Each structure stands twice: as structure tokens, then as C-alpha cells.
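According to TrEMBL, the features are:
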type	residues	note
ACT_SITE	Asp15	active site
ACT_SITE	Asn63	active site, proton acceptor
BINDING	Asp15, Glu198	Mg(2+) binding site
BINDING	16-20, Arg28, His32, 60-62, Trp64, Arg66, Arg179, 185-187	substrate binding site
Amino acid sequence: MTDHTIPKHVGIIMDGNGRWANQRGMPRVEGHRKGAGRTKEIIEAAADLGIKTLTLYAFSIENWKRPHDEVITLMDLLDFYLKTEIEDLLNKGLVFKVIGNKEKLPDNIQYLVEEAERITGSNTGMNLMMAISYGGRDEIVRAVKRFIEKGGDMDEVNEESFEENLDTGGVTPVDLIIRTGGEKRISNFLVWQAAYAELFFTDTLWPDFTKEEFIYAIEDYKLRQRRFGMIPDKAET
Ligand code: IPE
Ligand code: IPE
Ligand code: MG
């Protein structure tokens with residue numbers, strides 16, 4: 001039997017900005033600009049559907065290896081986004097949080113992120129998590145360090161206690177990962193949290209991804225049968 005319920009936690013790998021721009025003979029930055037503009041509609045759609053947590057993969061830890069110019073452009077866009085859009089998201093009651101290796105971010109971005117997290121901390125709406133300077137493996141290594149720093153005892157190591165030390169500590173595992181842009185890979189996104197995630201891949205490039213396709217992905221998820229390694233009850237099959 002299928003679950004028919006909407007996912008509690010949805011992650012999106014927002015890929016395809018560069019190709020979108022290339023196809024139009026534009027510089028890659030235009031794809032990133034257009035892509036950043038798409039997030040608002042999808043965030044609103046997710047909140048309207050009653051999704052508890054939306055995690056958007058905006059910049060991977062590997063993306064630091066891109067040409068300096070592109071990295072600077074992406075940081076500038078992030079700076080602009082945090083200054084202009086967050087205010088609106090606050091008013092919608094969202095709780096904003098960044099996951100990832102924040103220490104690698106420029107000071108101005110770190111400051112804006114801290115501000116946004118602080119201001120939205122007491123909201124009660126959807127959790128909006130932005131994965132910036134994020135790598136799943138890096139997150140796991142940092143979680144191990146945190147555990148040791150706190151004086152964690154070997155006997156206390158189990159999946160639950162470990163999970164609390166991840167950047168996503170306290171958030172339920174990701175139920176559905178959507179990847180735009182045609183690639184069928186995870187690219188270091190939510191490596192631990194995605195152990196039993198359902199996956200939805202689309203060729204649509206991120207700047208062309210619409211609310212309608214997002215809703216389609218959620219409907220598709222509702223038809224999945226999640227088994228978590230078990231054998232479904234005969235009456236339910
Ligand atoms: C995703 O788009 C945005 C980031 C990774 C920052 P890309 O920039 O990867 O676009 P493509 O995959 O080259 O088209
Ligand atoms: C994944 O896209 C990261 C983000 C969308 C932020 P990439 O374009 O960096 O992934 P690969 O290199 O194709 O795996
Ligand atoms: Mg890409």
C-alpha cells in the first residue's frame with residue numbers, strides 16, 4: 001500500500017543553471033541569477049503544501065573549486081538574496097537555517113546567515129534549510145569532531161546520539177530528494193540523512209523548474225511504497 005502522505009522533509013538539488021545560460025548564449029551568472037529567482041515560488045509552494053522542512057542545495061563544498069569569478073558571483077548573489085528575500089520569508093513565519101561548513105564562507109555572508117537564523121529562530125512555520133558550502137561527508141566528519149569535543153563516550157555512540165551532532169540535528173531524515181538538470185546522482189548532498197530517501201530526477205533545468213512540476217514530484221512521491229527493508233503486510237499490498 002502506498003503511503004499517500006506528503007513528505008515531511010524534501011531536499012532539492014538545484015542543478016542546471018550554467019547549462020540554462022549556455023543554451024541562451026548568456027554567461028553562467030545569468031543562469032544563477034534566474035535560478036535564485038526560482039526559489040521563492042518553490043519555497044512558497046512547499047510551505048502551502050504543509051511540508052515541515054525544505055532543504056535547498058545552493059552551493060556544495062566542491063563548488064569552491066570552481067573558477068574564482070564564478071565563486072565570487074555566487075557569493076554576491078547569496079549576499080543579495082539574504083538581504084532582500086529573507087525579510088519576506090520571515091514575514092511568512094519560516095525558520096531559516098544554513099547547513100554546511102560556515103567557516104569557509106566570507107565574513108559578510110556568515111554575519112547575514114547568523115542574523116537570519118537569529119531573527120527567524122522563534123518562528124513556527126516551515127524549516128527552510130539552505131545547504132551552503134555543504135558536503136555530506138564534511139558534515140559527518142565535523143559531527144564526529146563535535147562528538148569527541150563534547151567528551152562523547154564510546155558506549156554512547158549510536159545512530160541517534162550521532163545524528164544529533166550533524167548540522168541537521170533535530171530534523172527528521174529527508175524523505176524525498178528532487179534533482180533538476182538531468183544528472184542522476186547525489187553529489188554529496190545529505191549523505192547520512194538520505195539513507196532511505198525516495199529520489200526524483202527531472203531533466204528540467206533549475207531556472208525552468210516550476211511550482212507545477214514541484215507539485216507533480218510530491219504527487220509522484222505519494223505513490224511510492226516505502227518499505228525500509230521490511231516486507232509489507234499482505235493485506236496492504
Ligand atoms: C547549479 O547549477 C548551481 C550550483 C552548483 C551553484 P550549475 O552551475 O551546476 O549548472 P550546470 O550543472 O553547470 O548546468
Ligand atoms: C550539485 O551540483 C550542487 C548544487 C546544485 C549546489 P553540481 O553541478 O555541483 O554537481 P556535479 O558536479 O554535477 O556532480
Ligand atoms: Mg551542475
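Note that Cβ sites are derived from N, Cα and C of the backbone, with glycine treated the same way.
Taking the features listed in TrEMBL, we show where each one sits on the structure.
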{"residue": "Asp15", "record": "active site", "Cβ neighbours (10 Å)": "19"}
{"residue": "Gly16", "record": "substrate binding site", "Cβ neighbours (10 Å)": "24"}
{"residue": "Trp20", "record": "substrate binding site", "Cβ neighbours (10 Å)": "22"}
{"residue": "His32", "record": "substrate binding site", "Cβ neighbours (10 Å)": "24"}
{"residue": "Ile61", "record": "substrate binding site", "Cβ neighbours (10 Å)": "19"}
{"residue": "Asn63", "record": "active site, proton acceptor", "Cβ neighbours (10 Å)": "17"}
{"residue": "Trp64", "record": "substrate binding site", "Cβ neighbours (10 Å)": "14"}
{"residue": "Arg179", "record": "substrate binding site", "Cβ neighbours (10 Å)": "23"}
{"residue": "Ile186", "record": "substrate binding site", "Cβ neighbours (10 Å)": "17"}
{"residue": "Glu198", "record": "Mg(2+) binding site", "Cβ neighbours (10 Å)": "20"}
Expected list for ligand 2 (Cβ under 6 angstroms, recorded positions Asp15, Gly16, Trp64) reads Asp15
Neighbouring CB atoms within 10 angstroms of the CB of Gly18 (substrate binding site), all protein chains considered, total 20
Filtered binding-site residues, from Gly16, Gly18, Trp64, whose Cβ is under 6 Å from an atom of ligand 1 = Gly16, Gly18
Say you check the Cα of Arg179 (substrate binding site) against those of the recorded positions Asp15, Asn63, Glu198; which is nearest?
-> Asp15
Report, in whole Å, the straight Cα-to-Cα distance of Glu198 (Mg(2+) binding site) from Gly18 (substrate binding site).
-> 26
Kindly point out which of the recorded positions Asp15, Trp20, Ile61, Asn63, Ile186, Glu198 have a C-beta less than 6 Å from some atom of ligand 3.
-> Asp15
